[in-house]
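Quick look at what TrEMBL lists:
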type: COMPBIAS; residues: 1-10; note: compositional bias 'Basic and acidic residues'
type: COMPBIAS; residues: 15-37; note: compositional bias 'Polar residues'
type: DOMAIN; residues: 48-459; note: domain 'Amino acid transporter transmembrane'
type: REGION; residues: 1-45; note: region 'Disordered'
type: TRANSMEM; residues: 77-101; note: transmembrane segment
type: TRANSMEM; residues: 143-161; note: transmembrane segment
type: TRANSMEM; residues: 197-213; note: transmembrane segment
type: TRANSMEM; residues: 220-241; note: transmembrane segment
type: TRANSMEM; residues: 261-282; note: transmembrane segment
type: TRANSMEM; residues: 294-317; note: transmembrane segment
type: TRANSMEM; residues: 379-396; note: transmembrane segment
type: TRANSMEM; residues: 402-425; note: transmembrane segment
type: TRANSMEM; residues: 437-459; note: transmembrane segment
Amino acid sequence: MASSDVDGRADGSLFSDQNPSELDSLFPSNSESSRPQRNYERIGGRTGTSFCQTLIHLLKGNIGTGLLGLPLAVKNAGLVLGPVSLLVMGIIAVHCMKLLVKCSHHLSAKLNRPSMTYGEVMQYGMENVSWLRSRSRWGSRTVNLFLIITQIGFCCVYFVFLSDNVKQVVEAANATTFSCQVNHTNQTNVLVPSFDSRIYMLFFLPFFILLVFTPNLKFLAPLSLLANLVMTLSLVLIYIYSLMNITLPIDLPTVGRAKDYPLFFGTAIFAFEGIGVVLPLENNMQRSQKFTQVLYLGMGIVTFLYISLGTIGYMCFGEHIGGSITLNLPNCWTYQAVKLLYCFGIFITFALQFYVPAEILIPQVLARVPERWEKPVDLLLRTLLVIITCALAILIPELDLVISLVGSVSSSFLALIFPPILQILTFHTEGLSPVTTIINLIISVVGLLGFLLGTYVAVVEIIARNNVKHEETFYAYMVQ
């Protein structure tokens, strides 16, 4: 993160106008970044990223734990309705990403700025409306707030994902073999019960704290590359297993229960919430006028992966599908290794996701302490943020419901609600057609409904599962 960005946050506001991205730490700053763009192409743009590099970053920013939860999402929507809904959601998500880039281009040219962050686009878009001008800074602060919620939510999901998968590997270790034959449910046999998954979260806590103490994320670049490779290998093995073990004939509901569809929405929008990396990628591309091609190609690949793994995974495991497809892999060393490799990749990715809320919140506090206390306070705040993240994960140790809740609460705003509103604000004085305005309003309303219904259903399910667990614990205690 450039020092000027950090200094700019010491203005006393809780949320600054700068929206850091985990990509900022891995991209070298352009020497020409202070010069305005012409035709949206960097002057002397050789210092930026190439077409292929940008495509790889876009794929990495969209493929994570959300992909592994999509088979359960398809189950909640139905074998036919689920894939169709994923396709529609993918088209809408790409459309909203394109709207954000379009608004950024227009406002950058209008204000003679080289680039903008998501929050700045919201702020300057609100300044186009006279009665919102005095409140425009709240637009940037609102975007930052949802960025913080989203990234902290991702980190909570990582805690639950690691604890569930490592717990399963440990409990099945004594019975793990080299034979990957399918059992009746295709689930790993839990043979030696161990600790509660929340104990595993506490075990991982000090390691996550040490990880976020890394002074510069560039030091993690080699590990990040290794993590990408092992996660890719793991996904390939998951695809192969799922395809080879689909049982025919397939007798699964084509349309799921209506009350489960909001859970599908939350999981799907969680998976598609890569809009936070769009502007950092576009801003750092050598020839940014080609970013639209990167966006369509990259998100086309992402959407194909989402639909295919979601459908194939549900067809393979059926009603027994877990919150992550890794939890359904068989009890053999090959697929136990897949779980551990994916856990390693998620562990390294935690530092990248944690970077965003840390760089928004911590500089605000450091600006108010003496210089000699900056380092201890910085480490203390990082520790507290990780502890808070772990505590939230412990409160909701249900992987599928955490994913759905995070997607419904925050991802729906960043990916669906804000971009269409931004286009209306940015172009309302320049002859925006009524049809475009209506389409934008429909997308935002759909996102708002998804937020309300998805959040409500996820919270209700969380409460219900907790009640069941409490009853089981009480019954076990009474039997003893």
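Every residue gets a Cβ built from N, Cα and C, even glycine.
Keep in mind the model is a prediction, meaning the values are calculated, not measured.
Count of Cβ pairs under 8 Å against the transmembrane segment (197-213): among 77-101, 220-241, 294-317, 379-396, 402-425, the largest is for 379-396. When Cβ-Cβ distances below 8 Å are used as the criterion, the transmembrane segment (402-425) is approached by residues 65-66, 69, 92-93, 96-97, 99-100, 102-103, 118, 121-122, 125-126, 128-129, 132, 143, 146-147, 149-150, 153-154, 156-157, 160, 262-263, 265-273, 275-276, 323, 393, 396, 432, 436-437, 439-441, 443-444, 446-448, 450-451, 453-455, 457-459, 462 of the same chain, each at least six residues removed from its ends. The stretch in closest packing with the transmembrane segment (143-161), judged by the count of Cβ pairs under 8 Å and taken from 77-101, 261-282, 437-459, is 261-282. Annotation: stretch 437-459 has the most Cβ pairs under 8 Å to the transmembrane segment (261-282), among 220-241, 379-396, 437-459.
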